[in-house]
Amino acid sequence: MPELATSGNAFDKRRFSRRGFLGAGIASGFALAACASKPTASGAAGMTAAIDAAEAARPHSGRTVTATLTPQPARIDLGGPIVSTLTYGNTIPGPLIRATVGDEIVVSVTNRLGDPTSVHWHGIALRNDMDGTEPATANIGPGGDFTYRFSVPDPGTYWAHPHVGLQGDHGLYLPVVVDDPTEPGHYDAEWIIILDDWTDGIGKSPQQLYGELTDPNKPTMQNTTGMPEGEGVDSNLLGGDGGDIAYPYYLINGRIPVAATSFKAKPGQRIRIRIINSAADTAFRIALAGHSMTVTHTDGYPVIPTEVDALLIGMAERYDVMVTAAGGVFPLVALAEGKNALARALLSTGAGSPPDPQFRPDELNWRVGTVEMFTAATTANLGRPEPTHDLPVTLGGTMAKYDWTINGEPYSTTNPLHVRLGQRPTLMFDNTTMMYHPIHLHGHTFQMIKADGSPGARKDTVIVLPKQKMRAVLVADNPGVWVMHCHNNYHQVAGMATRLDYIL
């Protein structure tokens, strides 16, 4: 395993023989072609021209980064348990894709699953027809091929995953890093951390869990705890319930806590840690024992450096932090928030033995970084929104009915939000439910507006707590048809999604 992930794959390449394995499929909640308003021929041509013009305006370096992905069934070793699951080329996580601002990424995908699939490039402000989500991009049928081709305009930590049904709760995910040729930070090493919650091949399948969650006859206790299996505890950071599912395992870079991966560095080195939460239903509180962390980026964009001891990271969020390595062996612990379990990896800079796999460092309970603590760097500010242009994003639903909605409708009957190119609306998040929801907008980032009206962090995914209202400014600069949804995979499939459609 390469220890310094400056290029290539930063993860173990554990390969095992294939075995035909596909669980029961759930139809994609994002196949909107049948229910979406069909544009006229002139309207479609105008949108295509607008998408092409936006692509031409992006920076272009003249370089091309190529990759090949093969989503397929595989047998994977999680560090003891060997599971049948779905992966990109027999590894969890999949291979790192790395580019520099302005590069063109060309990824050829061959679908060896028994169901349609896609690859969504999470957080990248790419051209709409390469987003990897219906209706903008058609799914790839079983046995089919597709080539994604797009330029990358912004540096940052991103990731890729499917956008079909519950495929996001298998092993189909990989990191994407876009380097900044003018990177102002100085560091000696880079450590990519991908968090995950895991049931596939060990516990009930994602499809079985979804069936339990949507069963109108499920036990009353499940309606209040949100946990079909195991015991959960309330989370103060999340405003209550920590999630819907108690998973058998929680992973860092594809490994269970007793078989944690180890990152080797030298005492005194500055390490940039890129943290990605790929989990389907779990937010994590993450800390590195014996170290403080300086948060430098949220969802790829720079913030005023802020020192914390731990971080709350919701599903699909990314944080970049800097640490100065001490001497010894230190666990990096990701507490599954509200679920009384953890994932871990090890930082090894010298002699020593790691503590017990269930060890929880004190730092988890000290200064915990949450989104409202961070402010975008001047270079990342989006400015003020238009004073009279609000876009409502009202989150609704209950655990009892599992009827998650945005603006009162499930995705199948959604009324899309509308913007015109160049507008600067305010996203008005309003969570009327008793659960937290990490809300993600495709193809864009937005800038949070703090409670006092001051500018906050740039985000493409933000946790909206129960009964919380939040605001963010959006710059409409990427024409197309874009999905906005809860990044709890189960809420998303149940209907908590809408669209942001550009009007020409």
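Cβ atoms here come from the backbone N, Cα and C positions, even for glycine.
Copied over from Swiss-Prot, here are the features:
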BINDING   His120, His440  Cu cation 1 binding site
BINDING   His122, His161, His487  Cu cation 2 binding site
BINDING   His163, His442, His485  Cu cation 3 binding site
BINDING   His437, Cys486, His491  Cu cation 4 binding site
DOMAIN    190-349  domain 'Plastocyanin-like'
SIGNAL    1-44  signal peptide
Exercise. Using DSSP with the three-state reduction, classify His442 (Cu cation 3 binding site) as helix, strand or coil.
Key: coil
Quiz item: To test your reading of the Cu cation 4 site: which residues beyond His437, Cys486, His491, same chain only, put their Cβ within 8 Å of the Cβ centroid of those residues?
Solution: Leu395, Trp404, Met435, Pro438, Ile439, His485, His487, Asn488, Gln492, Met496
Quiz item: Nearest to Cys486 (Cu cation 4 binding site) in three-dimensional space, by Cα, is which of the binding-site residues His120, His122, His163, His440, His442?
Solution: His440
Self-check item: His437 (Cu cation 4 binding site): nearby binding-site residues from His120, His163, His485, His487, Cα cut-off 10 Å
Solution: His485, His487
Quiz item: Taking the Cβ of His491 (Cu cation 4 binding site) as centre, how many other Cβ atoms lie within 10 Å?
Solution: 26
Quiz item: Which binding-site residues (His120, His440, His442) fall within 10 Å of His487 (Cu cation 2 binding site) by Cα distance?
Solution: His440
Quiz item: Cα-Cα separation of His440 (Cu cation 1 binding site) and His491 (Cu cation 4 binding site), in Å?
Solution: 13
Practice problem: Work out the three-state DSSP category of His163 (Cu cation 3 binding site). | Solution: coil
Exercise. Measure from the CA atom of His122 (Cu cation 2 binding site) to the CA atom of His485 (Cu cation 3 binding site) and give the result in Å, rounded to a whole number.
Key: 12
Practice problem: Just give me the nearest neighbour of His122 (Cu cation 2 binding site) among the binding-site residues His163, His442, His491, Cα to Cα. | Solution: His442
Quiz item: Does DSSP give His437 (Cu cation 4 binding site) helix, strand or coil?
Solution: strand
Quiz item: Under a criterion of Cβ-Cβ distance under 8 Å and sequence separation of at least 6, what residues of the same chain contact His442 (Cu cation 3 binding site)?
Solution: His120, Asp131, Thr133, Trp482, Val483, Met484
Quiz item: Given the binding-site residues His120, His122, His161, His440, His485, which one is most crowded in terms of C-beta atoms within 10 angstroms?
Solution: His485
Self-check item: For His487 (Cu cation 2 binding site), the three-state class that DSSP assigns
Solution: coil
